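Student: Below you'll find the structure I mean.
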Amino acid sequence: MASPASTNPAHDHFETFVQAQLCQDVLSSFQGLCRALGVESGGGLSQYHKIKAQLNYWSAKSLWAKLDKRASQPVYQQGQACTNTKCLVVGAGPCGLRAAVELALLGARVVLVEKRIKFSRHNVLHLWPFTIHDLRALGAKKFYGRFCTGTLDHISIRQLQLLLLKVALLLGVEIHWGVKFTGLQPPPRKGSGWRAQLQPNPPAQLASYEFDVLISAAGGKFVPEGFTIREMRGKLAIGITANFVNGRTVEETQVPEISGVARIYNQKFFQSLLKATGIDLENIVYYKDETHYFVMTAKKQCLLRLGVLRQDLSETDQLLGKANVVPEALQRFARAAADFATHGKLGKLEFAQDARGRPDVAAFDFTSMMRAESSARVQEKHGARLLLGLVGDCLVEPFWPLGTGVARGFLAAFDAAWMVKRWAEGAGPLEVLAERESLYQLLSQTSPENMHRNVAQYGLDPATRYPNLNLRAVTPNQVQDLYDMMDKEHAQRKSDEPDSRKTTTGSAGTEELLHWCQEQTAGFPGVHVTDFSSSWADGLALCALVHHLQPGLLEPSELQGMGALEATTWALRVAEHELGITPVLSAQAVMAGSDPLGLIAYLSHFHSAFKNTSHSSGLVSQPSGTPSAILFLGKLQRSLQRTRAKVDEETPSTEEPPVSEPSMSPNTPELSEHQEAGAEELCELCGKHLYILERFCVDGHFFHRSCFCCHTCEATLWPGGYGQHPGDGHFYCLQHLPQEDQKEADNNGSLESQELPTPGDSNMQPDPSSPPVTRVSPVPSPSQPARRLIRLSSLERLRLSSLNIIPDSGAEPPPKPPRSCSDLARESLKSSFVGWGVPVQAPQVPEAIEKGDDEEEEEEEEEEEEEPLPPLEPELEQTLLTLAKNPGAMTKYPTWRRTLMRRAKEEEMKRFCKAQAIQRRLNEIEATMRELEAEGTKLELALRKESSSPEQQKKLWLDQLLRLIQKKNSLVTEEAELMITVQELDLEEKQRQLDHELRGYMNREETMKTEADLQSENQVLRKLLEVVNQRDALIQFQEERRLREMPA
């Protein structure tokens, strides 16, 4: 909106300041504003009050109202909370600027130094709901009229820094550009203060500036001395960012954004991408802001194959170094991926220019993420104390697919400012540090779902943001090492005592393990456990252990006619299928007594899973939480294999016999070979030796974890996410698992005909073969009626397609009454706008609608985010149901449509972030496993070598090996937990796809449907029923496990 003609130069300076798009323009226009008003810049909060008092300008009033509202919060004490505090903030990134704004509102004197002279990055940042409200409250719409006007909530990092820079200048923050912070200069004598070492040639006033608080926001590559950084490493992960020119044409406006497509649950998209372009990705995101911004994770082999990387180098820095990346090939790669993801609707993709005037496309490594061990420290010298705090990337490097950088960065900025407030109030150093570390413990766990829902109440006080806050979670005693009194020599702390005085916890020693096994097998006929070799050779001790933990599977009398190999094989198989304990050695090795280390490792898994379980007479024992996840996935995997084996013929399900099948164990004659070879276990794929921590068991066969990968794409196979082809015997990920029968594949479409274990499976009864899957209702029932063709009304189908099972519900209540038409309308509308990353759904809101930035619209948007949708009036219900079938008609209701689209996209983003968090954690687990395997191999070799090492040393090595085994078991069970969540995401995706497909049939007139259409519609309906029942089984399993794990 053009401002009226004004003769006051201050008004012109203000308008130029608000609209400035370059750092230098912002600074020069602000200096002109201050000169025109006769105000000295950088004068703290008093400067803001002077500007506001003298600039009586209608265009500024809305901005003053917002800043006054924020400053009037009681926590700031009218700008008097930190009036005697001097702060230095290093770094003018979003987090550093946000921290500076909070410190200024507290009344502190704030000086900020930044080594750059301009903001040049185009990257687009995802925003959580509270960050949107927070930025609006600081006047974001005034400075950037297009702020969060699309269906996805994001902003370019350049625009975010510009608007925060303008707020910081108005609030009196003193900013110095082109100044690099290189370190601290301690006070030389008593009475002096802390200063900064700055380059090059800082102004004399800045060089002599003494401060008592330092906030570092200089990025992950610069962390002040004294802080310890921990590396969180995963598998090699190569990210590619690309920014294309946004011409803001009508065609570009109508291309939907992609909030995230992840291979972990949407494999068909990536399979199509690979076939069409040869590009192999893990995920891709597309945001539309100042540029068309794409970010994706590419596979190294694909980059090598397409010539983006010249050669395969082991060091990541060299692999992605300038000399090894072909710029032209990288540009072709990014352009082709972006063009495919948007169906070519963006037209000619022209790269935006980076700060050096080159095409803005880059490959980067996010294999490792750095995280500071502590968030704050205190240094004291000559009586002068300095409080140091970290915010932004130097505190926690964000994982880009999760969109947590700005959100958690802002939270850390608030927490750091709260720490400064407590410091200014006179709280002791240890108390301040303990509170700050208590908050830091919460940071990595925060998400929009586990914070306070009312984002309007968020403020500097942590209690307004974090529910169930405990500021004493970390005690002052625990942070003494963060208080550095440089004048004194510290006595050795308890934490610095030699390792020999530390006690080991969390794993059983061999004596404790042997005693536990003796207790579990006591009273079983013919069993007397005295060691970890000969006592287990006949298989009876292992059967006794399984019998004690799972009564009813096999009575002692039934073992009389069973041979040692048969009994041992039975015990190993039942322990895996019914208790979730995967073997680490073969039945022959147990019989030969040749691998006591392997047996100790195997039995320690029993101990960790059942040591706290009480066994009452007749009571079926249950494994503790995480082993039950392994058990669930094992049943799911076997169910998938059985389903594929019964493609050509249906066979009635029967209980699996207690004797082993020939294919599940090696032949008996191999026993002598094992006896001679000692502890030899060989990988069945590569034929190389398997050490204990390397062993990965599938159906009684052992592999290296690194060897157990998809035969087609060589991707790592995780529990519940692979299948074995009965023809060639190879293992495949579900994406590349060959179809045995093409007709069946056509019937199933994109769905794998998996049958989830029903909740009854978790009661540890014998593992029967699953009954034939009925297409109408796969959930077993006491009396299954004859199958019949289901014909539902349109409304019944609409209700079915809108089902959404909530995984975190309590115990199952009685069936709910049918939902109101209002609920159905909202669900229908929401489904009509969901794109789930495949941009073929409803077009975006026209740009003309997005651009509205008047105050009434802004307030309306804020209300929409803060409050739930109001109940619909009865007369609107039928209208909205009709609109759900005709999304084009929603142009008549832009507010509803914008709100529903935004909320649908928010749900999509949550789903994508969840999938990416799982993927990242799985990669970290795999990397940690490799480290444990390498360490365990060294210990195992030392233990197996005939040497003159003292027994005490061997016992120490054995205890260390057991601790590594315990760590591995914990990682395996965590991996299983994650894969259950993957199954949940996969079923949600299948339900969404089927819902969309069914809605397409429903939207057609009944009279226009052919017989083939009717057949296909019923087929989709049957599949939808299957998926809904599978989700129900999964949720019931999770609920039963949750109830089982609750304290009595």
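Counting begins at 1 with the first residue displayed.
Glycine is treated like the rest: Cβ placed from N, Cα and C.
The Zn(2+) 2 binding site annotation in Swiss-Prot covers C710, C713, C733, H736 and is backed by similarity to another entry. Under the heading coiled coil, Swiss-Prot lists 847-867, 906-949, 974-1031. Positions annotated as compositional bias 'Basic and acidic residues' by Swiss-Prot: 488-502. Taken from Swiss-Prot, the feature compositional bias 'Low complexity' applies to 654-666, 772-787. Feature annotation from Swiss-Prot assigns compositional bias 'Polar residues' to 747-765. Taken from Swiss-Prot, the feature compositional bias 'Acidic residues' applies to 852-868. Summarising the annotation, Swiss-Prot assigns domain 'bMERB' to 905-1048. Taken from Swiss-Prot, the feature phosphoserine applies to S616, S777, S781. According to Swiss-Prot, the region 'Monooxygenase domain' annotation covers 1-489. Annotation comment: Swiss-Prot describes 488-508, 643-676, 741-787, 805-825, 839-873 as region 'Disordered'. For K816, the entry in Swiss-Prot reads site 'Important for interaction with ARHGAP26 AND ARHGAP10'.
Mind running through what each feature is packed against?
Tutor: DSSP gives C713 (Zn(2+) 2 binding site) a coil state; it is part of no helix or strand.
Applying DSSP to the domain 'bMERB' (905-1048) sorts its residues as follows: 130 helix, 0 strand, 14 coil.
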Student: Taking the Cβ of C710 (Zn(2+) 2 binding site) as centre, how many other Cβ atoms lie within 10 Å?
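Tutor: Other Cβ atoms within 10 Å of C710 (Zn(2+) 2 binding site): 20.
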Student: Cβ-Cβ under 8 Å from H736 (Zn(2+) 2 binding site), same chain, 6 or more residues apart: which ones?
Tutor: C710, H711, T712, C713
Student: Since the record lists C713, C733 as binding-site residues, which of them has the fewest other Cβ atoms within 10 Å of its Cβ?
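Tutor: Comparing Cβ neighbour counts within 10 Å for the binding-site residues C713, C733 gives C713.
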